[in-house]
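Novice: Below you will find the structure I want to go over with you.
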Amino acid sequence: MSRVGVVLLNLGGPERIQDVGPFLFNLFADPEIIRLPIPALQKPLAWLISTLRSGKSQEAYRSIGGGSPLRRITEQQARELQSLLRQRGIDATSYVAMRYWHPFTESAVADLKADGMDQVVVLPLYPHFSISTSGSSFRELQRLRQGDESFEKLPIRCIRSWFDHPGYVRAMAELIAEEVRQSDDPTQAHVFFSAHGVPKSYVEEAGDPYQKEIESCTDLIMKELGQLMGHDNPFTLAYQSRVGPVEWLKPYTEEALEELGKAKTNDLVVVPISFVSEHIETLEEIDIEYRELATEAGVVNFRRVRALDTYPPFIEGLADLVTTSLEGPEVSLDAAAELPTKVKLYPQEKWEWGWNNSSEVWNGRLAMLGFSGFLLELISGHGPLHALGLL
């Protein structure tokens, strides 16, 4: 029987307060997140950003118990998926590959090679493809695969996205229905989908399909919810977690919540649509920050739908995805990371000078100007960072 290694891709998260700074450094040192014209500036800029942001981030993690539960939950998802696949007669072993914290992708690759896997299925725990999530993880695997003869020989099947998979859609609708039924008037409960945002340039210039997949997914879930409930509910889709001065996908969650508050929304059911596990953006950003904002804006009842975590129908859906993938042709990492437009995606160890679309998508002018401004402020001793007491 063929031995199958199932690699689950996820972001990773700091498990202790002292991990927050290094985690942020790893995040911002990724050239897929911030691309600079001079490689030598990448790590200094990552150090600067992580240093400036770590204090606030540590406060957020303290408010949810001192660390992210993402690793624990993802490893439990991996165990339950492995068990279910073996029940189906598939000799599968699951491996967790985190992008920015332990266990890192390198560790997962080393383990599956040591275990003598015959083939690999790569399953991102991001239902919707984006350059900055699944795309970055696929490209990290590409980097590790190049020049590694034993890894290159393994047949590989990548699942690019699965936002429209019936098992996922059904599981989401069932969990939403649980909260809608608790509303004073279930027919009037307003379903509020909050997806992680991305810069608008990713979609408009690089052809990132993320927004289209989120919107299509929302429609599918609402259709399934309507069948479960026997009626249609009003709903809103917004995007959270915006950082920096550039424009991200709109409407922003904060602004949409304020509008619903002004409209005297009585029952609000908040759905973390792009997150399959509880972590900082559900437990702190939604449960604490957005709950407070919505209440102050006038929302009476704020309910948040729990993350899928190890919800059995969800794990069944993941097993279906792996099973279907094994029955189909190989799907390479190149094909999984491909974008519909002609923007060139550079290997992570290579760099590009210039003011073109690809460099702008990956951060472009703002990153370069921002770093230049920081250097000028260090030299002059005057500027906004000094005014804020950060320098």
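Cβ atoms are placed via backbone N, Cα and C, with glycine included.
As annotated by Swiss-Prot, Fe cation binding site applies to His196, Glu281.
Where in this structure would I find these features, and how exposed are they?
Specialist: For the recorded site, Glu281 (Fe cation binding site), the DSSP three-state label reads helix.
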Novice: Given a separation of at least six residues and a C-beta threshold under 8 Å, show me what packs close to Glu281 (Fe cation binding site) in the same chain.
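Specialist: When sequence neighbours closer than 6 are ignored, Glu281 (Fe cation binding site) has His196, Gln240, Ser241, Pro272, Phe275 within Cβ distance under 8 Å.
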